[in-house]
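Right, one structure below, let's go through it.
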């Protein structure tokens, strides 16, 4: 389907606990509020892109429990194609507990549940869908074998571009194999430094602070190392984003145009990625413009509580 985005990965049922400060080990504290929301990186990214008007298909697996039933209804309400959302019996849906402090920072504990049962056959069932998409978007929350398989299938097609959100990062060799099939890599600063250190056996950078030029040089070296990368995008929170491309004339630091009052940063990275995919694929904007537009969407999300509940629709973007 023309300008179609397919997302492979995890769906979660999120429980948010709000606190004034994070508890220390062994400490019991009183929370200030509790909310539930839909989550999971793949689900979040698909929902945000769909809210902005993209045609999105999600490949994920749910449990046959109340949270799974509600999650499936949520996808349908958000106009996501659920043809490849499968349901498994006697296994709980994925879930996450998210602790958010008064500054909007968070700690997260994830239980994979049904997400851990997403398999290569599920991806094979969606082969035609993937290969006829304009973009395949993946993360690392489900089996790495499944993610690798999806990326390989996508690159068998000349049409489908691939985007990998390298989180949660680890040092599994399968990730290096994935890089052979990735066009656009998206990382945050910590993930970039971790990837750079493991790639170049550099153990001296873990505690250092890096300036923008040093981070861009890391990206440039990674693009030279992994020749399939066309672009690396680095999210820097309140400091904006970096774009580093094979075409060096596109390299830039995109700073935030306005500061906002942060309430909750949960899911903001997914909001940015889903929005970026939308603007790049559906609206066919250039890379830099897509990043700027996505940054604006994500900056709205951090002014609201929750993950998907914080995501703006297209008519809320000025």
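Here the Cβ of each residue, glycine as well, is placed from N, Cα and C on the backbone.
When Swiss-Prot records 235, 236, 237, 238, 239, 240, 269, 270 as binding ATP, the matching candidate from 188, 197, 315 it lists for that site is 188.
Going through 141, 177 against Swiss-Prot, the one listed in the substrate site together with 12, 13, 14, 40, 41, 42, 43, 44, 270 turns out to be 141. Other residues of the same chain near the K(+) site, with their Cβ within 8 Å of the Cβ centroid of 264, 266, 301, 304, 306, 310, are 263, 265, 267, 268, 302, 303, 305, 307, 309, 311. Following the DSSP three-state reduction, the secondary structure of residue 141 (substrate binding site) is coil. When the recorded positions 12, 43, 141, 270 are ranked by how far their Cα is from the Cα of residue 238 (ATP binding site), 270 comes first.
Residue 43 (substrate binding site) carries a helical DSSP state (H, G or I). The separation of residue 236 (ATP binding site) from residue 264 (K(+) binding site), Cα to Cα, is 16 Å. Within the same chain, the residues at least 6 positions away from residue 41 (substrate binding site) whose Cβ sits under 8 Å from its Cβ are 9, 10, 139, 141, 165, 167, 270, listed in sequence order.
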